[in-house]
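The structure appears below as structure tokens.
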Amino acid sequence: MARRGRMDSVSSRANEETPLLQEVLPEPIDDGAVQQQRAAQDAEVQQEEVMIAQEAKGSKLVIILASCYLGVFLGALDSTIIATLSAPISDSFNSFTLVSWIATSYLIANAALQPLSGKLTDIFGRRAGLVLSNVLFFAGNLICGLAKKQWVMILGRVVAGMGGGGLMSISTFVASDLVPLRKRGLIQGIGNICYGTGAGLGGVYGGWINDAKGWRLAFLIQLPLIAVSAMLVATTVKIPVKEKELSRIRRIDFPGAITLVLSLVLLLLGLNSGGNTVPWSHPLVLACVPLSIAFLVLFIIIEARVASEPIIPVHLLLDRTVASACLTNWFITMATFIFLYYVPIYFQVLGYSTTQAGLKIIPQSVGASIGSLGAGLIMRATGRYYALNVFIEGLLLASAIIIAALFNRNMQEMPTYIALLLGGLGYGGMLTVTLLALIAAVEHKHQAVITSASYAFRSTGSTIGITVASAVFQNVLKRELWERFRDDPMARDIIARLRDSIEEIHKLPPQYYDGAIDSYMLALRAVWYTSLGLVVVGITLSLGMREHTLHTNLARK
């Protein structure tokens, strides 16, 4: 009876904002001392764990996930739309160096905010997080569609990135809240199909809209769908939280959140600026990178020694499987996003339109969808993932080798499609396998936090990958162009034009054409070799994952 009384007391405090996945703790036994009771209750609020919910099934699960995955589709579409729009947008602002900023500003915002999403939605609820993410995503795309200046365009991508990152990560938390691990891979496969479809259509859609109506409409036309996404999650996702408003705010690790965001933003700002908009020796770069490291060290100290509820508990990242899964995500995502952004540029250099260049990357997104769903089905059937991971990494290596060896001026189309399909199969499978591995490696109460950490590695990887590739590409291109045109009296003007716009290649007099194409091809080859190296590192790290049990129920018994 005493136990029933304590459970009833806890239940009476729940409302429609109580997290679905919170483990109910018994109230402290009253020893008659009021002060001790209050202290124990305060400690309970601070250390509250995640309740295990009833498994959602049938139409209820379909409706909830469909509402979430619409946002995933839109976020993925927006993340790759720049792959084919980067050149026309840069041309309209007369700055090809803007390419890197347009891409990375979106991804910097993703990387900076995603680590916070797990803990914040544990505190404030999944629904509130999804609605806010949709609002930010809407505002960002509106700003991009109306932008008249470069800095406004970049601001719009930052705001959209904040929202898009939340749409993808929080949807994953919702799925983990409602589905046990053994089935979780299949659900993640379906989610990754939505992501892959959006990512694949982003380039095609962007190129088609640009060729037909101009690049601005590519952003504005998304707004009605984003509004629908916001309304759907507001009405279907009802995963409540326990605490009153005041206690929720007290639980936020503000020092940890601020230092982590500053570390990520400064790092990516410094890397993106160096060799692109300013020299690597510029004070901006020399200040940003050391400051980023300093804030990272401060963040680790805060999380390990100060924060009562850390944004990312450091001890979780020291687990061998978690570390291996996160680092694999990091390096493989770097390589994959380099391919996604530079393969369309490769085809545009060869004279293809933005629409045609976007169509060329469809095999990658198709492969990612198939690979993710296939990995989920295999893990559901076998309950194992390590051997599957080894096979998947082999696909990624084969893809990177084909691209590095064969993507040149005389490339045939069939090897292109094979390489991108293999890369997509490997990347989609890797996302599902590593997610299941790291969730299985931690306690149920930590699954949202560690998932958000994984997403942070992934989004940081995509940003750093594009930044590193841009630095390699621009520096090699500049060097090769100077080697070919240094004796020409118009060299400075020609090189500046070629570095600012791909379209300038096809406007050059015939005597300059071959030199320009060869310079671009050598710059792209350097990018392919960079990606291959990243894939090799990622594959090596993936072998550190251990096999953990994929349970068939949410209680993990």
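Cβ atoms here come from the backbone N, Cα and C positions, even for glycine.
Sequence annotations record features per position, and here TrEMBL assigns region 'Disordered' to 1-21. The transmembrane segment annotation in TrEMBL covers 61-86, 128-148, 154-174, 186-208, 214-234, 254-272, 284-302, 322-341, 386-407, 419-443, 455-477, 526-544. Annotated domain 'Major facilitator superfamily (MFS) profile' per TrEMBL: 64-550, in sequence order.
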Look over the recorded stretches 61-86, 128-148, 386-407, 455-477 and say which has the most C-beta pairs under 8 A to the transmembrane segment (526-544).
-> 386-407
What residues in the same chain, six or more past the boundaries of the transmembrane segment (284-302), come closer than 8 Å to it by Cβ-Cβ distance?
-> 253, 255-256, 259-260, 262-264, 266-267, 269-271, 273-274, 278, 310, 314
For the transmembrane segment (254-272), which recorded stretch in the set 128-148, 322-341, 386-407, 455-477 gives the largest number of Cβ pairs separated by under 8 Å?
-> 455-477
Listed stretches 154-174, 186-208, 214-234, 322-341, 386-407 vs the transmembrane segment (455-477), most Cβ pairs under 8 Å: range 322-341
Where among 128-148, 154-174, 186-208, 214-234, 419-443 do we find the most Cβ pairs under 8 Å to the transmembrane segment (61-86)?
-> 186-208
Return the stretch with the most CB pairs under 8 A relative to the transmembrane segment (322-341), choosing among 154-174, 214-234, 386-407, 419-443.
-> 419-443
Surrounding residues of the transmembrane segment (214-234) on its own chain - C-beta under 8 Å, 6+ positions past either end = 66-68, 70-71, 74, 77-78, 81, 85, 88-89, 92, 127, 130-131, 134-135, 137-138, 141-142, 144-146, 156, 167, 205-206
Restricting to the domain 'Major facilitator superfamily (MFS) profile' (64-550), report the mean pLDDT as a whole number.
-> 85
